[in-house]
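Undergrad: Here you go, one structure.
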Amino acid sequence: MKQLFLRGKRIRPTDKDFVFHTALAALFPVFLLVVLLFHIRQIAGTNWQEVSLSQIAQDVNIPYLLFSMGVAGLVCLAVILLFWRYRRDEVKQLIHRQKLARMVLENKWYESEQRKDDAFFKDLSSSRSKETITYFPKIYYRMKQGLLHIRVEITLGKYQEQLLNLEKKLESGLYCELTDKELKDSYVEYTLLYDTIASRISIEDVQAKDGRLRLMENVWWDYDKLPHMLIAGGTGGGKTYFILTLIEALLRTNAVLSVLDPKNADLADLQAVMPDVYYKKEDMLACIDRFYEEMMKRSEDMKLMDNYRTGENYAYLGLPANFLIFDEYVAFMEMLGTKENAAVLNKLKQIVMLGRQAGFFLILACQRPDAKYLGGRNP
């Protein structure tokens, strides 16, 4: 039962006009109540056993009726504005569910058949037919703690490829950012960050504790489980300020930081307030070598500690995390010769593979990630 509850609300073909239907169902009673309040005296004073429809039509004050309907309309508008102001998430959920239904219908990711309507007189045949949906993909929508969870059932049908690659449609259509895509037994679940502006936090609220670093209201970087970070963005995109925020948060812990800035820009200025900040080529190469050697040494030392247990990491042994923060990583790699480039890349690969358990993490920033400098191949 818990699993069924966590799936969320199922998207159905009738949800294509979900916002209108919900607004109509919610506002019509309000509209009717306001109109009735204006005419309550007249209604209470009417003898309903003797009155006729023609008499009611004659007694109706048309200007007063129109005025009451106008006021009722304004009250409904005020309710809409209040709901949008104080219950915006609920309104957004209605809009999202409507968009998901229309996405399936407009892309024709469903199956249908034409069925003839029954004629009013059964002995006459009807020439009219209507489309009846026989299969509609099972899509479930759920909003929780600023995250959207959209679960799509996979049935090995002809629409499987489209349903397995909804990332771009969901991001642009719902104006959200994809944070996770998980393929499970018979379904795929997309997790998206909703309302990124409202989810932003101040620098003081960026915290690192228990192997996690808080980035937004409901977004954490769990570096003990998902080690290493790649930051990409164009010039002026805010990479440096983001890195400075990370450094400020990590400095409040017992973490050991090494900062490399090959362009001798803003991060290099930290040399005046903290150790292990380098911008010269030789110093940076030496720092990478030292970081790698310390990682290898810690991996060996951990196994010799009395409280060492197989499967546990550095935090279990009470050791501090180590971070190598590397700004303009690709630009630095392009400055190196072939041998130096290969040596640096080899050490960084080893850190990526072995660093998590020992507590050695990479934070790489660049304008445009290049596969040949990240241990892959160019397409």
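Even glycines carry a Cβ here, placed using N, Cα and C.
Look at TrEMBL and you will find 20-44, 64-84 tagged as transmembrane segment. TrEMBL lists 216-379 with the feature domain 'FtsK'. As annotated by TrEMBL, ATP binding site applies to Gly233, Gly234, Thr235, Gly236, Gly237, Gly238, Lys239, Thr240.
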Undergrad: Write out, in the order they occur in the sequence, the residues of the chain not among Gly233, Gly234, Thr235, Gly236, Gly237, Gly238, Lys239, Thr240 that have a C-beta within 8 Å of the mean position of the C-beta atoms of the recorded ATP site.
TA: Gln367
Undergrad: Averaged over the whole of the domain 'FtsK' (216-379), what is the pLDDT?
TA: 86
Undergrad: What number of additional C-beta atoms lies within 10 angstroms of the C-beta atom of Thr240 (ATP binding site)?
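TA: The answer is 19.
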Undergrad: Indicate whether Gly236 (ATP binding site) is helix, strand or coil by DSSP.
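TA: It is coil.
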